[in-house]
Each structure stands twice: as C-alpha cells, then as structure tokens.
C-alpha cells in the first residue's frame, strides 16, 4: 500500500520519499510565480501546517487534510464569478469569464464540503487527478469547459 502525502503548497499527492524532494522545489516555484504577480495578487509564503490534537498524536489523514486546506488557502477568487484559482491562472480565467452563469457558486470550503479521509479532495478523488482552478475537476462527467 502506497502512502501518499499532500503537498501543503500545491495540494498534489506524492510518495513519502518524493515529497521531501518536491516541497523545496515547489516552494521555489511558488516564490518565482508569486514575485511575478501584480502586487494585489501576491500572497504571504505558505507555511507547513502544524497538526495539533488533544492526544498529541496525529494520523496521515490529519496531516493530509491540513496540507490540503493550506494549499486551498493559496487560491484567489474571481471577481466576476467567485470561482477560485491559483493566482497565476486567475488572469487567464478573467479574460474569458462572463460572470453571470456561475455567480452563485460558493468556494468549496464554504459549501461545507471537506476532503474524505485519505484522499484530500472534496469529491473524494485523489488530488493528483483533481485540478484546482479548473472546471474539469468539479464536473468530470460534463464535456463542457467553462471559462
């Protein structure tokens, strides 16, 4: 059984050996992208979440859930429709966003959904398949692509 660990920066899943290689590179990439954004879209550096529990112990699912929510905190809402995107993808979306059809959408966390244990994504699918900031992950059955 492969135990996958969620990156607290990008929300993708990695094996226990790969995550140690991935996280420093992901943070480096995050800094490059963040510094290239307009000032109003720049965010503070993500911090690896601390897992606190009453018993002093935590499970991999607890760690993955905290990392997932940390990665989701990096997302920025579209001013037209309310969908959330990584800041570098927001300008691309805003060029095509009509705003009217999905204005009533709530961010996933506000809708009361939380990742199921061990998967880290609201739909229960592995994070490596879930694409934050796109409509494809939200409705895998639909052939429609929303911009």
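Even glycines carry a Cβ here, placed using N, Cα and C.
Residue ranges 17-36, 37-56 are listed, and TrEMBL annotates 37-56 among them as region 'Disordered'. A mean pLDDT of 83 is what the model gives for the domain 'C2HC/C3H-type' (74-103).
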